[in-house]
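*Asks:* Before I ask anything, let me first share the structure, which is written out below as structure tokens.
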């Protein structure tokens with residue numbers, strides 16, 4: 001759209017024609033000066049650095065890194081004077097317009113910022129090829145009035161959003177219901193939120209007029225995680241968390257705990273410590289018993305092996321066919337042979353008899369009968385004669 005402007009700009013970046021100075025005669029089309037996304041939705045992750053497609057004009061890769069949190073809206077102060085044509089969702093998904101990013105707005109309370117919040121913002125950021133995500137955060141006064149008390153104050157909630165990688169800009173003290181003036185001020189093209197009707201401030205759905213204008217883009221909620229769920233867990237296990245914080249050094253006054261409950265919690269902590277000690281002793285005793293059982297099994301197994309070996313060796317020595325029996329039989333036979341005298345042959349070998357010789361007489365060994373000695377002298381003489389005979393035989 002052709003408009004009147006000057007070739008130069010003022011120090012604030014605003015065209016001089018908009019700085020209460022007379023325009024020159026030069027006619028040209030105003031370029032968009034909208035802030036660019038910190039990270040384009042087309043960028044691919046490479047560690048902490050994200051890569052954009054190759055720039056068509058320079059032919060070089062454009063690398064950006066996240067080294068600072070997202071700015072606040074009042075710090076950026078978008079003063080782009082170029083007209084923002086109304087876009088359809090189909091046009092935005094095709095990558096138009098080319099000369100500026102599509103400005104997507106998402107709002108909320110974002111108390112106890114969790115993964116469900118981050119996933120919703122990721123969906124809003126990746127709705128279109130080139131999106132600039134503005135996130136509105138309601139103040140404490142507005143939130144306490146329409147929704148209830150929050151765990152985190154507004155400053156903490158602002159900072160939590162600034163450090164989300166999908167957020168390009170944070171709008172503080174965002175309105176509860178979006179007005180045309182607010183949409184025009186921040187040049188918002190689309191509003192992203194889950195499709196469930198949000199009844200509040202006397203309205204059945206605060207996003208109804210946005211949906212009717214064709215500016216609403218739905219996102220999906222993350223099941224199983226929400227701020228209400230987290231608070232429910234804390235309330236359900238309140239005693240556990242109160243005792244834990246008392247044990248970590250927080251005072252009863254800081255925890256808003258009465259004197260009696262403080263003593264009860266501290267006593268319960270002591271009981272839990274004793275239980276933990278008993279549990280540790282039981283576990284150690286079980287480990288000791290298991291070790292003893294393992295060692296006893298090993299000892300029994302070794303004893304069985306040694307006993308089998310001993311029995312086998314014993315049977316080899318003293319069994320029915322053992323080596324000891326054979327050795328004993330051999331030695332006993334030798335002893336018998338050594339102790340028993342050799343007997344003379346009963347008969348001599350047969351010889352051929354000549355007719356001239358007579359057969360040799362046979363002798364039989366008969367005991368000789370001796371008469372007792374008649375006198376002691378005779379007895380001593382006989383003994384001496386016997387001893388002399390023995391010496392002669394030797």
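Each Cβ is built from the backbone N, Cα and C atoms, and glycine gets one as well.
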*Asks:* Between 264-291, 292-319, I'd like to know which one TrEMBL lists as coiled coil.
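*Replies:* That would be 264-291, the stretch labelled coiled coil in TrEMBL.
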*Asks:* What residues elsewhere in the chain lie close to the coiled coil (264-291), defined as a C-beta under 8 angstroms and at least 6 residues from its ends?
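*Replies:* Hits for the coiled coil (264-291): 239, 242-243, 246-247, 257.
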*Asks:* For the domain 'Cytidyltransferase-like' (105-233), what's the model's average pLDDT?
*Replies:* 94
*Asks:* Which residue counts does DSSP yield for the domain 'Cytidyltransferase-like' (105-233) in the helix, strand and coil classes, in that order?
*Replies:* 45 helix, 26 strand, 58 coil
